[in-house]
Structure formats: C-alpha cells, structure tokens
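J.: Under the heading disulfide bond, Swiss-Prot lists Cys21-Cys32, Cys26-Cys40, Cys31-Cys66, Cys50-Cys74, Cys68-Cys81. Taken from Swiss-Prot, the feature signal peptide covers 1-18, and the record attributes it to experimental evidence.
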Amino acid sequence: MLKFVVVICLVIMAITFAEKCGDQECGEGTCCLDYSQQHCSRLGKLYDMCSDPNDKTDSGSHIFFCQCETGLRCDKTSWSCQKG
C-alpha cells in the first residue's frame, strides 16, 4: 500500500511541475501540444498524424498533433503527413 501511495505522489508531483510550453520554448523540429497538458512533441514525419500549421489554440499550441516537418504537407482528408 505504501508503494502505491508513493507512486501516486510522484505522479501528482510530475503533473504539478510539468513544464508549460509555447512554440518559443520548444526546440527546433518540435511544436507545443496542448493535449491534457502542454508539452513539446516532434513534428510529424511521413504518414504521421498531423494538424494544419494554422490550427492553433489562442496560446499558440496545437491540440492533438504537430504540423508536418519541412517538405511535407498535412493532407486534410487523411490527416497524415504526405509528400509535397
């Protein structure tokens, strides 16, 4: 039981101290996602799920997926990164 309590406390601490992000804080090749918590995630590679680069929240974060990396586009039919 004590181990369970310790694990729960660690999870709560991790959530409490999680770094908030914006695209300015995320490094090159990443974007800020606002999915349950804000966190940096890598840009979409070929066939990865993606979001339109213009679809952002008021704070500048993406909701579920990052935009595609340079040279790829987000196909709005399949919502996946495709070539050019």
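Using N, Cα and C of the backbone, Cβ positions are placed for all residues, glycine too.
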J.: Within 10 Å of each Cβ, count the other Cβ atoms, then let me know which of the disulfide-bonded residues Cys66, Cys74 comes out lowest.
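T.: Candidates: the disulfide-bonded residues Cys66, Cys74. Fewest Cβ atoms within 10 Å: Cys74.
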J.: Do you know which of the disulfide-bonded residues Cys21, Cys26, Cys50, Cys68 has the most other C-beta atoms within 10 angstroms of its C-beta?
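T.: When each Cβ's neighbours within 10 Å are tallied, Cys50 tops the list.
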J.: When DSSP states are folded down to helix, strand and coil, where does Cys66 (disulfide bond) land?
T.: coil
J.: Please identify, from the disulfide-bonded residues Cys31, Cys32, Cys40, Cys81, the residue with the sparsest Cβ neighbourhood, meaning fewest other Cβ atoms within 10 angstroms.
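T.: The disulfide-bonded residues Cys31, Cys32, Cys40, Cys81 were compared, and Cys40 has the fewest Cβ atoms within 10 Å.
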J.: Quick one: which of these disulfide-bonded residues, Cys50, Cys74, Cys81, have their CA within 10 A of Cys31 (disulfide bond)?
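T.: Near Cys31 (disulfide bond), where near means Cα within 10 Å, there are no disulfide-bonded residues at all.
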J.: Of the disulfide-bonded residues listed here (Cys66, Cys74, Cys81), which is spatially closest to Cys32 (disulfide bond) when Cα positions are compared?
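T.: The answer is Cys66.
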J.: In DSSP terms, helix, strand or coil for Cys26 (disulfide bond)?
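T.: Assignment for Cys26 (disulfide bond) reads coil.
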